[in-house]
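J.: Feature annotation from TrEMBL assigns DNA-binding region to B:36-55. Taken from TrEMBL, the feature domain 'HTH tetR-type' applies to B:13-73.
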2 protein chains.
Amino acid sequence: MEASTRRARRHDPDRRDKLIAATLDIIAEHGVAGVSHRTVARAADVPLGSTTYHFTSLDDLLAAAFTRHADSIAGVFEERMRAAPDRAAAIESVAEHISGDLLDANHDLVLSVELYGAAARKPVLRAVTQAWMRRSREALEHHFDPTTAREVDALIEGLVLHSALSTDPMTPAQVRAALHRFLP
Amino acid sequence: MEASTRRARRHDPDRRDKLIAATLDIIAEHGVAGVSHRTVARAADVPLGSTTYHFTSLDDLLAAAFTRHADSIAGVFEERMRAAPDRAAAIESVAEHISGDLLDANHDLVLSVELYGAAARKPVLRAVTQAWMRRSREALEHHFDPTTAREVDALIEGLVLHSALSTDPMTPAQVRAALHRFLP
DNA sequence: CCTCCATGTGTACGAGCGTACATAACGATC
DNA sequence: GATCGTTATGTACGCTCGTACACATGGAGG
């Protein structure tokens with residue numbers, strides 16, 4: 001342990017992570033408007049000063065949180081597409097993805113929509129959504145041509161949103177039917 | 001002028017309307033987080049007290065503003081669908097709708113996305129989005145069967161969102177192609 | 001013309017906000 | 001074990017916030 005551990009951190013195992021996780025929880029429950037240094041610090045059970053130490057500003061914290069969220073969802077989707085052996089299996093995976101085993105209606109969805117709203121106004125976050133969209137499209141391109149991938153990506157977005165906001169959401173069978181109409 | 005004008009308002013031609021319009025402008029520019037009694041009053045050029053007089057709370061004002069927005073968009077879309085003489089014309093109208101002559105990227109879109117985000121957390125606003133979705137679907141049903149209408153409604157949502165958030169948005173021709181793939 | 005009361009406004013209060021910054025805590029180095 | 005500099009925290013400041021509420025104001029009924 002000479003040169004290798006020279007730069008080891010003192011005694012902060014995962015403060016940054018805890019702060020980001022707490023931020024995401026707050027956004028999911030109260031929206032971006034509910035995020036403040038104090039609410040985050042309370043939720044993460046850390047002192048107030050810790051939030052300004054690890055993130056230079058609130059915007060910085062929000063960007064980190066949204067980046068983590070987008071990366072997480074994109075990673076799971078990529079994994080699903082990579083695991084699908086063929087086109088039919090890929091379609092089935094997409095249907096499952098939409099029907100909500102991943103986007104459990106009241107957490108990930110709110111995070112995604114809040115991200116869209118913030119991204120529409122802040123260039124930094126716009127870059128996050130774009131990277132996410134690109135990864136989704138590329139994952140779909142393992143099974144579909146680029147044009148189709150792009151269109152299906154948009155269709156997924158719309159189906160997820162409508163499913164989440166509707167009191168009468170589409171059943172998994174209806175979702176599958178819609179996909180198969182698009183991908184005969 | 002006896003009984004009929006007894007209940008006429010004193011000298012407030014359209015204060016409520018001005019407040020709602022100002023609120024929508026602020027949401028479009030700064031998000032729901034930017035809405036406060038003071039920012040709205042300043043934007044509408046009315047005294048602070050006027051905001052609490054016409055709306056019992058901020059949530060009340062936000063609900064009124066989002067309702068106005070949803071009604072407005074739904075109304076325009078209904079009109080477009082009603083005006084389309086046949087199925088082909090309807091598809092063309094939908095394509096134009098998506099390609100942005102209506103949702104000019106940085107105003108109506110932000111409003112819609114902010115509404116989605118708020119609706120995912122507040123039941124009152126959820127009702128607003130549901131009424132909007134129902135009207136859209138019914139408008140589409142002038143030209144398509146209910147199942148198709150529902151699927152196209154979702155597709156529209158996804159295409160609008162992706163167009164708005166992408167630096168490389170789909171061209172009108174690509175949007176048209178996607179629609180025709182779904183509606184051969 | 002006077003009175004009255006619904007309609008509309010200005011001010012004030014307590015709370016919470018982002019952020020700066022002086023200071024404490026503590027591992028590494030000698 | 002003494003020193004030092006990075007890492008981390010508590011406190012304080014100036015500001016904006018939502019909302020309550022006392023007061024102005026001006027048309028309607030006498």
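Cβ from N, Cα, C; glycine included.
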J.: Restricting to the domain 'HTH tetR-type' (B:13-73), report the mean pLDDT as a whole number.
T.: 95
J.: From the DSSP assignment alone, can you count helix, strand and coil residues within the DNA-binding region (B:36-55)?
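T.: Counting residues by DSSP class gives 15 helix, 0 strand, 5 coil.
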